[in-house]
Amino acid sequence: MCGIVGYVGARSAQDVVIEGLRRMEYRGYDSAGIALVADGTLAVDKRAGKLANLEKAIDERALPASTIGIGHTRWATHGAPTDVNAHPHLGSHGRLAVVHNGIIENFAALRDRIEDEGITVVSETDTEIAAHLLELQLESGEDLTTAMQRVCSRLEGAFTLVAVDAQDPDRVVAARRNSPLVVGLGEGENFLGSDVAAFIEHTREALELGQDQVVTITREGVEVTGFDGSPAEGKQYHVDWDLSAAEKDGHDWFMRKEIFEQPRAVADSLLGRMGADGLLQLDEVRLSDDELRDIDKIIIIACGTSFYAGMVAKYAIEHWCRIPVEVELASEFRYRDPILNYSTLVVAISQSGETADTLQAIRHARVQKSKVLAICNTNGSTIPRESDAVIYTHAGPEIGVASTKGFLTQLVACYLLALYLAQVKGTRYGDEIHQIVRQLEAMPAHIQDVLDRADEVYALAREYVDATSVLFLGRHAGYPVALEGALKLKELAYLHAEGFAAGELKHGPIALVDEGLPVLCVVPSRGRDQLHDKMVSGIQEVRARGARTLCLAEVGDTAIEPYADVLFRLPKVPTLLQPLVATVPLQLFACELATAKGHDVDQPRNLAKSVTVE
Ligand code: F6R
């Protein structure tokens with residue numbers, strides 16, 4: 001969702017804020033804006049469209065020098081992405097500027113009260129209401145910290161607010177409820193950001209905030225309170241990645257860079273998992289082995305790409321642990337009154353750790369007394385903080401809006417979870433677990449092998465620049481891969497793409513097949529011969545109806561050759577682990593096809609990286 005930056009120190013606030021917004025732009029790019037405090041007034045500029053529009057405007061009409069400011073890059077919720085609706089929003093006397101991420105649910109009632117006071121609301125946003133309320137508090141004589149505490153106590157919904165007061169050049173004040181905000185701790189300067197990427201080039205020391213907290217940053221320090229003004233404390237931590245991890249490294253897109261980082265990301269995900277005692281260990285477990293042994297059902301909840309990782313996890317957990325697993329879209333979960341109790345383990349998969357649908361789902365699960373285990377890539381984010389156990393995926397920052405290394409490392413974490421449960425429950429012998437861990441450790445080299453042949457995939461993708469529809473077929477663990485391949489193509493190339501379980505085709509979707517339709521087929525490894533042969537039959541069926549079959553099949557699989565119009569070879573790996581290699585060509589295909597169509601691959605239209613509204 002929206003990206004937020006705040007700064008107070010000795011540097012040019014404009015430079016720090018704009019640079020921070022550049023790194024936050026993946027969170028939303030419908031509009032961008034900045035407010036600086038200079039000589040007792042606010043200097044503000046805000047523009048619809050990408051950050052580049054704001055930068056151009058500032059180049060043409062310079063803002064005054066300032067060392068304190070806030071900025072925002074927006075993913076629109078209330079009101080269209082226009083200059084007027086862009087943040088920051090100001091109070092009616094232009095004393096207070098605020099930026100906001102989230103949704104203020106009671107904004108309509110608050111707006112009526114503000115209008116009753118004779119204030120004209122100029123935008124369609126809920127944020128402007130907060131600006132007026134804050135300014136009214138300031139004008140009643142309160143300082144910005146107190147004003148923020150008072151106003152937040154009246155707001156309902158999920159929000160991060162960051163504000164400056166024209167008459168107070170020494171403090172930036174922020175608040176959060178169910179929406180991300182971190183503090184960057186510097187020397188003689190401090191920072192605020194939706195995530196640490198906002199300030200990573202200046203400091204790697206960060207402070208995590210709790211729910212319903214207000215934070216005041218000055219040049220000298222940081223003060224945290226509750227909404228009621230009671231003193232509170234954040235949790236300090238060191239960020240274990242640096243600026244270079246957030247740069248493109250010579251690639252045209254962050255997404256492409258992140259695809260090529262996957263061998264390293266998968267290797268990092270596997271690091272340090274085996275203890276000196278030869279047993280697997282997770283990152284944080286606040287659950288005893290006895291509690292885990294009592295688990296008799298697992299429900300995996302996630303959205304989008306993370307949901308597909310959950311589908312793969314189901315195959316692994318059921319096979320290795322013999323525990324029944326349901327996989328559920330987080331947005332649907334709590335509305336169907338799911339059957340949960342203390343012996344249900346809910347596994348929440350989220351790259352960002354802030355996805356509102358997933359967060360609300362785990363809260364529902366915890367109220368029902370279920371244990372929650374998070375698989376997450378973002379240290380200190382809300383979902384792992386509210387869970388009983390965590391496996392971090394250690395992929396490093398994922399900036400491209402379309403998830404790639406996030407997905408592959410989620411798969412690794414899912415396999416590790418399955419093996420960990422098998423270890424605790426005793427459903428697999430230790431040597432079997434070690435053997436699978438060794439197979440996982442071989443995966444970075446296999447992924448690299450696929451990446452080394454990226455040009456083959458690129459050439460194929462460019463052939464389809466005018467395609468209007470692409471189908472993806474898979475079976476077993478290859479089925480979620482097909483769904484993921486289709487999702488990547490939809491979100492990046494904006495073309496109709498659908499993934500199917502190959503066996504389902506004949507029950508309806510085969511009617512879509514037409515002369516020349518490209519059908520990407522994920523062929524299972526041959527160890528499971530029945531599965532493999534059934535997939536080959538499915539491929540024959542679509543080819544007989546005119547489809548052009550683009551097949552991903554392991555080296556040495558000759559059975560597929562007569563039915564593949566194009567054949568891309570995958571390394572030989574066990575069927576259950578095949579998603580780790582089979583997904584990669586599909587990522588490359590979508591990235592290259594979208595590039596050839598002239599799309600912005602890192603910032604596809606209508607999307608945002610971290611979806612913090614339900
Ligand atoms: C697709 C994509 C999204 C996310 C989904 C969940 O490429 O990135 O579908 O997977 O929004 O996000 P997280 O994993 O952050 O909860």
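The backbone N, Cα and C atoms fix where each Cβ goes, and this holds for glycine too.
Going by TrEMBL, these are the annotated features:
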- Cys2: active site, nucleophile (ACT_SITE)
- 2-220: domain 'Glutamine amidotransferase type-2' (DOMAIN)
- 288-427: domain 'SIS' (DOMAIN)
- 460-604: domain 'SIS' (DOMAIN)
- Lys609: active site, for Fru-6P isomerization activity (ACT_SITE)
What does the DSSP secondary structure composition of the domain 'SIS' (288-427) look like, as residue counts for helix, strand and coil? 67 helix, 28 strand, 45 coil
Please report the Cα separation of the residue listed as 'active site, nucleophile' and the residue listed as 'active site, for Fru-6P isomerization activity' in Å, rounded to an integer. 9
Given the active-site residues Cys2, Lys609, the candidate whose Cβ has the fewest other Cβ atoms within 10 Å is Lys609
Which state, by DSSP, holds Lys609 (active site, for Fru-6P isomerization activity): helix, strand or coil? coil
For Cys2 (active site, nucleophile), which DSSP three-state class applies? coil
What does the DSSP secondary structure composition of the domain 'SIS' (460-604) look like, as residue counts for helix, strand and coil? 70 helix, 29 strand, 46 coil
